[in-house]
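Reading through the structure tokens given below for one structure.
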Amino acid sequence: MMQGNWTVVNEFVLVSFSSLSSQLQALLFLLFLTIYLVTLMGNVLIILVTTADSALQSPMYFFLRNLSFLEIGFNLVIVPKMLGTLIIQDTTISFLGCATQMYFFFFFGAAECCLLATMAYDRYVAICDPLRYPIIMGRRACGQLAAASWFSGFPVATVQTTWIFSFPFCGPNRVNHFFCDSPPVIALVCADTSLFELEALTATVLFILFPFLLILGSYVRILSTIFGMPSAEGKRKAFSTCSSHLLVVSLFYSTAILTYFRPRSSNSPESKKLLSLSYTVVTPMLNPIIYSLRNSEVKAALRRAIHGTLGFGNYDLDGN
């Protein structure tokens, strides 16, 4: 639609992986569809097991359940549209659809950063102050921490999305990404965005870097406490309770920080797509796998659930 001497943008075109051949796009569709289904099934399984099993009612598993809900939401926002662009070349997305996708991407992303920091605090209290752990991490405190983590996504999502889509888009509408992320969309704006970019940097520091520093500080204290334990068995048990979370944090933050804190000159659109795939598609799939394979309590709960479903009754989990 023309208005004055410029065009009002009513829809965007996601460039996605259009530069690849149709055969390669079909292979990517099968790969991402498989990852998507594994992600949904794995996180739903974590939610069901940690809800139903009486041995998994500690704060750690309450927060893990919340993380799985976040991962499912994160995937539902990004992956279905990406699959559509690959298999039926449905690359257009409406103005409102793009804004909605960006809003929930910000919401789930900020909430996950804060929740990972909350999970690190939980491990810090459990290992560094075990006698007061039941008091500090009571049910009410856990509920408040989880609610605060979820709520943290609203202000950043509302401010960022509203500000971006209040700018005029008056020409190109091709978003060089597989979803409506902030940098490729703001590149299409035909106005001065310097103030917004300063605000976006501030929000990135608050919702990515600050939680990361809290996690880092928690693990410095945790590792200091573990290395100070007299027995090797105590060290092993203490480290095993936080190793899964530490691995999940490393996967998520390494790609997120590389994506949003690298200089623009070294951040090509193709490398940004690859990094974005890591934390929007691959990491949500790996999280339930990591917690299932590296956590003995979750593995035991999964075996109990399988044996109960198959009707083995009181079958010995050690195979006897």
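Each residue, glycine too, has its Cβ placed from N, Cα and C.
Positions annotated as transmembrane segment by TrEMBL: 26-50, 62-83, 103-121, 142-165, 201-223, 244-262, 274-293. Taken from TrEMBL, the feature domain 'G-protein coupled receptors family 1 profile' covers 42-291.
With pairs at least 6 apart in sequence, the transmembrane segment (274-293) and the transmembrane segment (26-50) have 3 or more Cβ pairs within the 8 Å limit; the two touch.
Distant neighbours of the transmembrane segment (62-83): 14, 16, 29, 32-33, 36, 39-40, 43-44, 46-47, 50-51, 90, 93, 101, 104-105, 108-109, 111-112, 115-116, 118-119, 122, 142, 145-146, 149-150, 178-179, 248, 280-281, 284, 287-288, 291; these residues of the same chain sit at least 6 beyond its ends, with a Cβ under 8 Å from one of its Cβ atoms. Model confidence over the domain 'G-protein coupled receptors family 1 profile' (42-291) is summarised by a mean pLDDT of 89.
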